[in-house]
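Heads up: the structure comes next, in structure tokens.
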Amino acid sequence: MKIDILTLFPDMFTGVFGSSILKKAQEKEAVNLRVVNFRDYTTSKHNSVDDYPYGGGAGMVLTPQPIFDAVEDLTKETERKPRVVLMCPQGERFTQKKAEELAGEEHLIFVCGHYEGYDERIREHLVTDEISIGDYVLTGGELASMVITDSVVRLLPGVLGNHASQVEDSFSTGLLEHPHYTRPADFRGMKVPDVLMSGNHKNIDEWRHKESLRRTYTRRPDLLDERELSKQEKKWLEEIKREQ
């Protein structure tokens, strides 16, 4: 996969893209990450990428020319049209399902804005997606693009050492992930559940499944509205409700 980031602040990405999973993914050639300063594409004699909004108002608006030219340059040698994703608080809420969808693409371009906003023609005629990572406002789209890049890249084949970890992640199954424990079995009187040390894998799987359901019901009950529960899950859910 190829991922290009269009930004005015490329230095922000150095640490994130040069460490942990994203670094390993690049070393394995699972992904090619490029950070591009779209100011390099401006034709303004003052090297500017923004201007005052028509009709008046506070703030500056990103002009279309450098962003259009940057995207066109990055895609001139590609056969398949890439997904051009605008980081925007007005966009579609980012979810695990969206991450899985984007992970199936060959080429992604993330456009990170600053200032008051984007010229509307960028939205109407250039981008394919607008994505928000939450109902709050950031200084720019850089942090949001890092979040999405990390979420997408870890889904690529061969990136994670254990595929089971990916499958069992919170949201991948529609439920929040179950609790985890490690040594020691007794820490200051706080003990690991006996079932996890029983060696009975069937009982362990059932415990983890039920605890995932419990955690989802307690912390994110809205997720259960989107999930068709199995007969066993419905039974467990009734037990969980009685235990509350």
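Cβ coordinates come from backbone N, Cα and C, glycine included.
Residues or ranges marked as S-adenosyl-L-methionine binding site by Swiss-Prot on the basis of sequence analysis: Gly113, Ile133, Gly134, Asp135, Tyr136, Val137, Leu138.
In this structure, Gly134 (S-adenosyl-L-methionine binding site) belongs to neither helix nor strand by DSSP; it is coil. Between the candidate binding-site residues, Ile133, Val137, Leu138, the densest Cβ environment within 10 Å is the one around Ile133. In this structure, the binding-site residues under consideration are Gly113, Gly134, and the one with the smallest number of other Cβ atoms within 10 Å of its Cβ is Gly134. Every protein chain considered, the tally of other Cβ atoms within 10 Å of the Cβ of Tyr136 (S-adenosyl-L-methionine binding site) stands at 7. Around the Cβ of Asp135 (S-adenosyl-L-methionine binding site), the number of neighbouring Cβ atoms within 10 Å comes to 7. Site extent for S-adenosyl-L-methionine: among the recorded binding residues Gly113, Ile133, Gly134, Asp135, Tyr136, Val137, Leu138, the largest C-alpha separation is 17 Å. DSSP classifies Gly113 (S-adenosyl-L-methionine binding site) as coil under the three-state reduction.
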